[in-house]
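Taken from TrEMBL, the feature domain 'G-protein coupled receptors family 3 profile' covers 23-248. The transmembrane segment annotation in TrEMBL covers 30-49, 70-91, 153-176, 196-216, 228-249. Taken from TrEMBL, the feature compositional bias 'Basic and acidic residues' covers 258-268. Taken from TrEMBL, the feature region 'Disordered' applies to 258-284.
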(Lines of atoms letter the chains of each structure in order from A and count residues from 1; the text may use other names and numbers.)
(Lines give C-alpha, C1' and ligand atoms only; values in the text may rest on other atoms or scores of the structure.)
Protein backbone atom coordinates (compact mmCIF):
# COMPACT_ATOMS: atom_id res chain seq x y z
CA UNK A 1 0.00 0.00 0.00
CA UNK A 2 2.80 2.43 0.80
CA UNK A 3 4.44 1.83 -2.57
CA UNK A 4 1.14 2.39 -4.40
CA UNK A 5 1.09 5.96 -3.05
CA UNK A 6 3.58 6.84 -5.81
CA UNK A 7 0.98 6.20 -8.52
CA UNK A 8 -1.54 8.99 -7.72
CA UNK A 9 1.31 11.49 -7.25
CA UNK A 10 1.91 11.38 -11.00
CA UNK A 11 -1.66 12.13 -12.10
CA UNK A 12 -2.20 15.30 -14.11
CA UNK A 13 -4.30 16.64 -16.96
CA UNK A 14 -5.52 15.15 -19.26
CA UNK A 15 -5.16 11.79 -17.48
CA UNK A 16 -8.25 12.44 -15.34
CA UNK A 17 -11.00 14.94 -14.71
CA UNK A 18 -10.79 17.56 -11.96
CA UNK A 19 -12.76 15.30 -9.63
CA UNK A 20 -10.41 12.42 -10.41
CA UNK A 21 -7.35 14.57 -9.78
CA UNK A 22 -8.80 15.74 -6.45
CA UNK A 23 -9.40 12.11 -5.48
CA UNK A 24 -5.83 11.21 -6.48
CA UNK A 25 -4.52 13.95 -4.19
CA UNK A 26 -6.21 12.33 -1.17
CA UNK A 27 -5.34 8.80 -2.32
CA UNK A 28 -1.68 9.24 -1.36
CA UNK A 29 -2.38 10.06 2.33
CA UNK A 30 -4.81 7.13 2.49
CA UNK A 31 -2.30 4.66 1.05
CA UNK A 32 0.64 5.95 3.06
CA UNK A 33 -1.13 6.02 6.42
CA UNK A 34 -2.93 2.69 6.07
CA UNK A 35 0.12 0.94 4.61
CA UNK A 36 2.38 2.20 7.38
CA UNK A 37 -0.09 1.42 10.17
CA UNK A 38 -0.85 -2.08 8.85
CA UNK A 39 2.85 -2.94 8.57
CA UNK A 40 3.95 -1.76 11.98
CA UNK A 41 0.80 -2.77 13.81
CA UNK A 42 1.38 -6.35 12.65
CA UNK A 43 5.00 -6.25 13.79
CA UNK A 44 3.96 -4.64 17.08
CA UNK A 45 1.28 -7.29 17.73
CA UNK A 46 3.66 -10.17 17.05
CA UNK A 47 6.50 -8.74 19.14
CA UNK A 48 4.11 -7.89 22.00
CA UNK A 49 2.79 -11.44 22.04
CA UNK A 50 6.31 -12.90 22.17
CA UNK A 51 7.31 -10.53 24.99
CA UNK A 52 4.21 -11.44 27.00
CA UNK A 53 4.94 -15.15 26.61
CA UNK A 54 8.60 -14.78 27.58
CA UNK A 55 7.76 -12.63 30.60
CA UNK A 56 5.40 -15.34 31.81
CA UNK A 57 8.07 -17.98 31.24
CA UNK A 58 10.63 -16.08 33.32
CA UNK A 59 8.16 -15.99 36.22
CA UNK A 60 7.58 -19.76 35.84
CA UNK A 61 3.90 -19.15 35.13
CA UNK A 62 1.75 -20.90 32.59
CA UNK A 63 0.49 -18.18 30.30
CA UNK A 64 -1.84 -18.22 27.31
CA UNK A 65 -1.78 -15.17 25.07
CA UNK A 66 -4.57 -15.18 22.51
CA UNK A 67 -4.22 -13.38 19.20
CA UNK A 68 -7.14 -11.12 20.07
CA UNK A 69 -5.30 -9.71 23.09
CA UNK A 70 -2.49 -8.26 20.98
CA UNK A 71 -4.56 -7.50 17.89
CA UNK A 72 -6.72 -4.95 19.70
CA UNK A 73 -4.05 -2.21 19.85
CA UNK A 74 -3.02 -3.01 16.27
CA UNK A 75 -6.61 -2.73 15.04
CA UNK A 76 -7.06 0.48 17.05
CA UNK A 77 -4.06 2.06 15.30
CA UNK A 78 -5.38 1.19 11.84
CA UNK A 79 -8.86 2.45 12.72
CA UNK A 80 -7.47 5.68 14.16
CA UNK A 81 -5.52 6.32 10.96
CA UNK A 82 -8.61 5.62 8.88
CA UNK A 83 -10.76 7.96 10.99
CA UNK A 84 -8.25 10.83 10.82
CA UNK A 85 -7.83 10.57 7.05
CA UNK A 86 -11.61 10.20 6.59
CA UNK A 87 -12.24 13.41 8.54
CA UNK A 88 -9.48 15.11 6.57
CA UNK A 89 -11.09 13.96 3.32
CA UNK A 90 -14.53 15.15 4.39
CA UNK A 91 -13.61 18.51 5.95
CA UNK A 92 -10.53 19.95 4.27
CA UNK A 93 -9.30 17.65 1.49
CA UNK A 94 -6.36 18.22 -0.76
CA UNK A 95 -7.32 19.56 -4.17
CA UNK A 96 -5.48 19.61 -7.47
CA UNK A 97 -4.78 23.18 -8.57
CA UNK A 98 -2.86 24.63 -11.48
CA UNK A 99 -0.59 27.57 -10.75
CA UNK A 100 1.04 29.97 -13.18
CA UNK A 101 4.84 30.01 -13.12
CA UNK A 102 6.05 33.34 -11.78
CA UNK A 103 7.45 35.55 -14.52
CA UNK A 104 5.98 33.52 -17.38
CA UNK A 105 3.37 36.13 -18.40
CA UNK A 106 3.42 37.56 -21.91
CA UNK A 107 2.98 41.22 -22.80
CA UNK A 108 -0.78 40.90 -22.27
CA UNK A 109 -0.44 39.39 -18.79
CA UNK A 110 -1.39 35.88 -19.87
CA UNK A 111 0.45 32.98 -18.22
CA UNK A 112 2.54 31.05 -20.74
CA UNK A 113 3.62 28.29 -18.32
CA UNK A 114 1.99 26.64 -15.32
CA UNK A 115 2.23 23.58 -13.12
CA UNK A 116 -0.28 21.48 -11.21
CA UNK A 117 -0.02 20.19 -7.68
CA UNK A 118 -2.07 19.05 -4.71
CA UNK A 119 -2.93 21.92 -2.37
CA UNK A 120 -4.51 22.39 1.03
CA UNK A 121 -7.31 24.96 1.34
CA UNK A 122 -6.06 28.51 1.02
CA UNK A 123 -4.85 30.24 4.17
CA UNK A 124 -6.40 33.63 4.93
CA UNK A 125 -4.33 36.39 3.36
CA UNK A 126 -2.22 33.97 1.30
CA UNK A 127 -1.15 34.68 -2.24
CA UNK A 128 -3.66 32.92 -4.54
CA UNK A 129 -0.88 32.16 -7.00
CA UNK A 130 1.20 30.46 -4.37
CA UNK A 131 0.96 26.72 -4.80
CA UNK A 132 4.18 25.87 -3.08
CA UNK A 133 4.54 23.17 -0.54
CA UNK A 134 6.32 20.06 0.54
CA UNK A 135 6.27 16.94 -1.55
CA UNK A 136 3.77 18.36 -4.02
CA UNK A 137 1.43 19.54 -1.25
CA UNK A 138 0.96 23.25 -0.70
CA UNK A 139 -1.24 25.70 1.17
CA UNK A 140 -3.34 27.84 -1.09
CA UNK A 141 -4.06 27.72 -4.78
CA UNK A 142 -5.57 29.59 -7.67
CA UNK A 143 -8.62 27.42 -8.12
CA UNK A 144 -10.85 29.97 -6.43
CA UNK A 145 -11.72 27.65 -3.57
CA UNK A 146 -12.44 29.15 -0.18
CA UNK A 147 -13.15 27.97 3.33
CA UNK A 148 -16.80 27.26 2.49
CA UNK A 149 -15.84 24.85 -0.30
CA UNK A 150 -12.72 23.20 1.07
CA UNK A 151 -12.97 23.75 4.80
CA UNK A 152 -10.72 25.90 6.97
CA UNK A 153 -7.09 25.67 5.90
CA UNK A 154 -5.89 25.02 9.45
CA UNK A 155 -8.04 21.88 9.70
CA UNK A 156 -6.02 20.21 6.95
CA UNK A 157 -2.76 21.21 8.61
CA UNK A 158 -4.00 20.03 12.02
CA UNK A 159 -5.20 16.64 10.74
CA UNK A 160 -2.01 16.04 8.76
CA UNK A 161 0.06 16.87 11.85
CA UNK A 162 -2.16 14.62 14.00
CA UNK A 163 -1.66 11.78 11.54
CA UNK A 164 2.12 12.13 11.75
CA UNK A 165 2.00 12.33 15.56
CA UNK A 166 -0.19 9.22 15.94
CA UNK A 167 2.03 7.12 13.70
CA UNK A 168 5.14 8.50 15.38
CA UNK A 169 3.87 7.45 18.81
CA UNK A 170 2.89 4.04 17.44
CA UNK A 171 6.35 3.63 15.96
CA UNK A 172 7.94 4.56 19.30
CA UNK A 173 5.79 1.96 21.08
CA UNK A 174 6.74 -0.67 18.50
CA UNK A 175 10.44 0.14 18.87
CA UNK A 176 10.11 -0.20 22.66
CA UNK A 177 8.65 -3.68 22.29
CA UNK A 178 11.32 -4.53 19.72
CA UNK A 179 14.03 -3.38 22.13
CA UNK A 180 12.64 -5.75 24.76
CA UNK A 181 12.77 -8.57 22.23
CA UNK A 182 16.31 -7.81 21.09
CA UNK A 183 17.73 -11.04 22.56
CA UNK A 184 15.24 -13.31 20.76
CA UNK A 185 16.44 -15.28 17.75
CA UNK A 186 15.45 -13.99 14.31
CA UNK A 187 13.46 -17.18 13.79
CA UNK A 188 10.88 -15.78 16.22
CA UNK A 189 11.46 -12.03 16.16
CA UNK A 190 12.78 -9.47 13.62
CA UNK A 191 13.98 -7.01 16.28
CA UNK A 192 17.49 -6.53 14.88
CA UNK A 193 16.36 -5.98 11.31
CA UNK A 194 13.46 -3.73 12.30
CA UNK A 195 15.87 -1.44 14.15
CA UNK A 196 18.18 -1.48 11.13
CA UNK A 197 15.34 -0.64 8.75
CA UNK A 198 14.19 2.19 11.01
CA UNK A 199 17.71 3.60 11.01
CA UNK A 200 17.80 3.68 7.20
CA UNK A 201 14.26 5.05 7.09
CA UNK A 202 15.04 7.98 9.40
CA UNK A 203 18.25 8.72 7.50
CA UNK A 204 16.42 8.77 4.18
CA UNK A 205 13.81 11.23 5.51
CA UNK A 206 16.47 13.45 7.08
CA UNK A 207 18.12 13.68 3.69
CA UNK A 208 14.87 13.91 1.72
CA UNK A 209 13.09 16.71 3.57
CA UNK A 210 15.84 19.31 2.91
CA UNK A 211 15.76 18.28 -0.75
CA UNK A 212 12.01 18.90 -0.84
CA UNK A 213 12.57 22.41 0.53
CA UNK A 214 15.45 22.96 -1.90
CA UNK A 215 13.30 21.92 -4.87
CA UNK A 216 11.23 25.09 -4.46
CA UNK A 217 7.60 25.69 -5.30
CA UNK A 218 8.32 26.26 -8.99
CA UNK A 219 9.88 22.82 -9.46
CA UNK A 220 7.02 20.31 -9.32
CA UNK A 221 9.02 17.69 -11.20
CA UNK A 222 11.82 17.91 -8.63
CA UNK A 223 9.33 17.55 -5.76
CA UNK A 224 7.67 14.62 -7.49
CA UNK A 225 10.99 12.81 -8.00
CA UNK A 226 12.08 13.36 -4.39
CA UNK A 227 8.66 12.39 -2.96
CA UNK A 228 8.49 9.24 -5.08
CA UNK A 229 12.02 8.29 -4.13
CA UNK A 230 11.29 8.72 -0.41
CA UNK A 231 8.17 6.56 -0.63
CA UNK A 232 10.04 3.92 -2.63
CA UNK A 233 12.95 3.88 -0.16
CA UNK A 234 10.56 3.60 2.80
CA UNK A 235 8.71 0.67 1.22
CA UNK A 236 11.81 -1.20 0.05
CA UNK A 237 13.59 -0.65 3.36
CA UNK A 238 10.80 -2.46 5.17
CA UNK A 239 10.58 -5.23 2.58
CA UNK A 240 14.29 -5.89 2.14
CA UNK A 241 15.51 -5.52 5.72
CA UNK A 242 12.61 -7.26 7.48
CA UNK A 243 11.07 -9.83 5.18
CA UNK A 244 14.10 -10.95 3.15
CA UNK A 245 16.06 -12.06 6.26
CA UNK A 246 12.87 -13.72 7.52
CA UNK A 247 12.58 -15.70 4.28
CA UNK A 248 16.27 -16.60 4.46
CA UNK A 249 16.01 -17.93 8.01
CA UNK A 250 12.85 -19.84 7.10
CA UNK A 251 14.68 -21.53 4.23
CA UNK A 252 17.61 -22.35 6.50
CA UNK A 253 15.19 -23.81 9.05
CA UNK A 254 13.67 -26.07 6.40
CA UNK A 255 17.13 -27.25 5.38
CA UNK A 256 17.98 -28.10 8.99
CA UNK A 257 14.73 -30.01 9.32
CA UNK A 258 15.52 -31.99 6.18
CA UNK A 259 19.03 -32.79 7.44
CA UNK A 260 17.62 -33.95 10.79
CA UNK A 261 15.09 -36.15 9.01
CA UNK A 262 17.78 -37.74 6.83
CA UNK A 263 19.97 -38.30 9.88
CA UNK A 264 17.08 -39.90 11.76
CA UNK A 265 16.33 -42.21 8.83
CA UNK A 266 19.99 -43.15 8.55
CA UNK A 267 20.15 -44.07 12.22
CA UNK A 268 17.03 -46.18 11.93
CA UNK A 269 18.53 -48.30 9.16
CA UNK A 270 20.06 -51.64 10.13
CA UNK A 271 23.88 -51.67 10.12
CA UNK A 272 25.43 -53.31 7.08
CA UNK A 273 27.57 -55.70 9.11
CA UNK A 274 24.49 -56.96 10.95
CA UNK A 275 22.60 -57.55 7.73
CA UNK A 276 25.60 -59.47 6.27
CA UNK A 277 25.92 -61.58 9.41
CA UNK A 278 22.25 -62.52 9.24
CA UNK A 279 22.61 -63.49 5.58
CA UNK A 280 25.64 -65.69 6.38
CA UNK A 281 23.74 -67.35 9.22
CA UNK A 282 20.79 -68.05 6.98
CA UNK A 283 23.03 -69.48 4.26
CA UNK A 284 24.79 -71.77 6.76
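Using N, Cα and C of the backbone, Cβ positions are placed for all residues, glycine too.
Curation does not apply to TrEMBL; its annotations are automatic.
Within the compositional bias 'Basic and acidic residues' (258-268), the DSSP-based counts of helix, strand and coil residues read 11 helix, 0 strand, 0 coil. In the predicted model, the domain 'G-protein coupled receptors family 3 profile' (23-248) shows an average pLDDT of 73.
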